[in-house]
Amino acid sequence: MGAKTPISVDTMAKEKENGDGQVQVTVDLDAGALFVLKSRGSWWHCGYHLTTSIVAPSLLSLPFAFKMLGWVGGSVSLAFCGLVTFYAYHLLSLVLEHHAMNGSRLLRFRDMATNILGPKWGTFYVGPIQFGVCYGSVVAGILIGGQNMKYIYVLSNPEGTMKLYQFIIIFGSLILILAQIPSFHSLRHINLLSLTLSLAYSACVTVASLILGYSKNAPPKDYSVQGSAVGQLFNAFNGISVIATSYACGMVPEIQATLVAPVKGKMFKGLCLCYAVIAATFLSVGISGYWAFGNEAKGTVLTNFMGQNQLPSWLLIMTNAFCLLQVSAVTGVYLQPTNELFEKKLADPTKKQFSARNIVPRLISRSLTVIIATIFSSMLPFFGDLMGLIGALGFIPLDFIMPMVFYNATFKPSKRTFIFWINSVIVAISSVLAAIGGVAAIRQIVLDAKEYRLFANV
């Protein structure tokens, strides 16, 4: 009683390509694909998911990246990473569309690696890297949310005694509830709100930067790149890693999996919507923040705002509130690959999604996932340094290298064609950036190690 028969090949083909009789799917959908990656969304929904996964409070670190690169290096890196990621995500969508129309709609990054490059690539490389970057983003999201709550608390009650880890636990409790939303598609309305919030806090940051930059008490602006030659080199690669991580997504196949069939052309529209928001937010925050603070730019521009008498407290509170709400949506999005992985292993696809057999393990696994992430966030409030390493060794391979490799392996363009060589050049440059960026991130961790303290109230 209550069990469903396994989904047949024909039924899956209809569900996945909307009645195209020539499409055949070779395997039954597992519980992770059935319950978490439901294919019901439009290209608008895809655009909301993409925007939330990319346009996150990490963009508030762009002025800091400009500090390490200067005006020219920062502007070139911002434009280059934007163009390359748009191109890379479009290539991924083309590869996914190609496989869908040829009989196998690939729903996950690791499925792409397994199908195109072989099972070892999916099991031992792409799968672990994606899990690491997505779960690392969850830890970072909970930390950022706790910091936003603390900022609001300090602004409202300067004499308050609450510590950062207490706010992280409070925010983690909010994420614990949000994590129970059943599927990626169920986040579509939340992610539309997230898109609006990202525009709102970017506008607030830009206004605040302009107010401080034009104030009578504004300090002299120094835009020179500081440090020794070796330090400038490592800082430059670290800055590029920060910018690359700001553009990173790490789950394009999972987002495309939420599209209702037929999928052809829908991802490109979603990307256009996403990058329109990126252009408005990244440029405004990065340029205005660096213009206002120059070499005084902190790890996040919100830190520069704290203690500034020229800014009205209501503007700072509103900015942090918008960030707080948006980062909760971002964290919910980056939980989805983790949810899908555990649901695939623990849930039973022959039972209904909301049967007791599937609800209980889902509730336990998702709750433990958030609780462990909250503990890490509380213990490691310096997680920003670790995210630089995760960006270099995780996001750059997933978003700058693998799409080109997948495209060349799938379509096998001639070595005489421009697309083969542009893909190969991007892979080569990105591999160098990942290697040097990883070394630079480790160097920064070592330099900052003397200031690390578990459960620090930063």
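Residue positions begin at 1 at the first shown residue.
Here the Cβ of each residue, glycine as well, is placed from N, Cα and C on the backbone.
Bear in mind that TrEMBL entries carry predicted annotations, made automatically and left uncurated.
The feature domain 'Amino acid transporter transmembrane' is assigned by TrEMBL to 40-442.
Taken from TrEMBL, the feature transmembrane segment applies to 72-96 (among others). Packing against the transmembrane segment (72-96) from elsewhere in the chain are residues 50, 62, 65-66, 105-106, 112, 116, 225, 236, 239-240, 243-244, 246-249, 252-253, 256, 263, 267-268, 271, 275, 278-279, 282-283, 286, 290, 399-400, 403-404, 406-407, 410-411, 423, 426, 430: each is 6 or more residues past its ends and has a CB under 8 Å from a CB in it.
Look at TrEMBL and you will find 117-144 (among others) tagged as transmembrane segment.
Positions annotated as transmembrane segment by TrEMBL: 164-181 (among others).
For 193-214 (among others), the entry in TrEMBL reads transmembrane segment.
The transmembrane segment annotation in TrEMBL covers 234-252 (among others).
Under the heading transmembrane segment, TrEMBL lists 273-293 (among others).
Note on the transmembrane segment (313-335): residues 49, 52-53, 56-57, 60, 134-135, 137-138, 141-142, 144-145, 148-149, 151-152, 155-156, 171, 174-175, 178-179, 181, 184, 187, 190-191, 193-194, 197-198, 200-201, 204-205, 207-208, 250-251, 302, 305-306, 366, 369-370 of its chain, located 6 or more positions outside it, place their CB under 8 angstroms from a CB of the stretch. Positions annotated as transmembrane segment by TrEMBL: 313-335 (among others).
Taken from TrEMBL, the feature transmembrane segment applies to 363-380 (among others).
Within its own chain, the transmembrane segment (386-406) is flanked in space by residues 58, 84-85, 88-89, 91-92, 95, 109, 112-113, 116-117, 126, 129-130, 132-133, 136-137, 140, 238, 241-242, 244-245, 247-250, 252, 380, 423-424, 426-427, 430-431, 433-434, 437-438, 440-442, 444-445, which lie at least six positions past its ends and keep a Cβ under 8 Å from the stretch. The feature transmembrane segment is assigned by TrEMBL to 386-406 (among others).
Residues or ranges marked as transmembrane segment in TrEMBL: 418-442 (among others). Tertiary neighbourhood of the transmembrane segment (418-442): same-chain residues 84, 87-88, 91, 234-235, 237-238, 240-241, 244, 385, 388-389, 391-393, 396-397, 400-401, 404-405, 407-408, selected by CB-CB distance under 8 Å and a gap of 6+ residues from either end.
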Completion exercise
Comparing 117-144, 164-181, 234-252, 273-293 for Cβ pairs under 8 Å with the transmembrane segment (193-214), the winner is 273-293
Handout entry: Intrachain neighbours beyond the transmembrane segment (234-252), with Cβ under 8 angstroms and 6 or more residues off its ends
Key = 50, 53-54, 56, 58-59, 61-62, 64-69, 73-74, 77-78, 81-82, 85, 89, 92-93, 109, 130, 133-134, 137, 225, 227, 267, 278, 282, 333-334, 336-337, 387-388, 390-392, 394-396, 398-400, 403, 433, 436-437, 439-441, 443-444
Problem - Residues of the parent chain within Cβ reach of the transmembrane segment (363-380), under 8 Å, 6 or more residues beyond its termini - result: 135, 138-140, 142-143, 146, 164-165, 168-169, 171-172, 175-176, 179-180, 335, 338-339, 342-343, 346, 386, 454-455
